[in-house]
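According to TrEMBL:
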- 88-299: domain 'BPL/LPL catalytic' (DOMAIN)
- 154, 155, 156, 157, 158, 159, 160, 161, 228, 229, 230, 241, 242, 243: substrate binding site (BINDING)
- 225: site 'Lowers pKa of active site Cys' (SITE)
- 259: active site, acyl-thioester intermediate (ACT_SITE)
């Protein structure tokens, strides 16, 4: 779910839903984009969230060492030294992952609830009436059989992540890319998810100027949400990103109101197509490649890692 400030700016500037077709190349020559795919069957939300925080903190720590005014001065005085310093900057990163069942809520939203812990009980104890094969694979692990509920540092309301849903976090410094601002960045994410979904044969539609990807179902001609976009921004460093329903149990999403969208249900690629040919890891690679194209085609370095390899 997009923070309310960013969402307001988006709606003010993007009511026409027209997309920029520009490429926003990285200003650092021969830059790498590190794509971490977490290869656990399903991953612990807190651990991956902490990994994302660590990657963004590397940027913030680098700027403490090299403030922008010093970088600008160095660029004027000694371009070779400036280029050497820029090569020490953290590289843009992507994390793709499937989570154990977890509901997340923005902290500002939870401050509006009188008893957040009591409020979250309905989510923590939710058990879907119908089980998918993915749900059955969780039942042997007591720690994962019921959803977690996390209060997190972003705007927005409540959303859900779980098995069968692809989550992609992008940790980038928007200042590293020519003419890229938050509005254009969100356009890049939304446009490329839409293109992927359309290539899968689904009918993409707009829904009340809401950010995300919505489709018109060929089953009943109704509109459903398929993908969410949620961005956190700190000093133009991005965290969080996108989620796409691939083959997840939709009861986790459709039993409760998600992202503040009343009376809007969610769907999945599997429900609409009846068949998903690609593994989620391959879908992640395809989408990351499409997004990277709009960022000037950095050198993608794919790293398959286990969450237990992450040292935080």
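Our numbering is plain: 1 for the first residue shown, then up by one each step along the chain.
Placed from the backbone N, Cα and C atoms, the Cβ positions cover glycine too.
Everything TrEMBL records as a feature, shown here on the structure.
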residue	record	Cβ neighbours (10 Å)
154	substrate binding site	20
158	substrate binding site	20
160	substrate binding site	28
225	site 'Lowers pKa of active site Cys'	21
228	substrate binding site	28
230	substrate binding site	26
242	substrate binding site	23
259	active site, acyl-thioester intermediate	21
Within 10 Å of the residue listed as 'active site, acyl-thioester intermediate' by C-alpha distance: pick out those among the binding-site residues 154, 158, 160, 228, 242, and say none if nothing qualifies. 158, 160, 228
Measure from the CA atom of residue 225 (site 'Lowers pKa of active site Cys') to the CA atom of residue 242 (substrate binding site) and give the result in Å, rounded to a whole number. 13
Roughly how many Å lie between the Cα atoms of residue 225 (site 'Lowers pKa of active site Cys') and residue 158 (substrate binding site), rounded to a whole value? 15
Using DSSP with the three-state reduction, classify residue 154 (substrate binding site) as helix, strand or coil. coil
Could you give the mean pLDDT over the domain 'BPL/LPL catalytic' (88-299), rounded to a whole number? 88
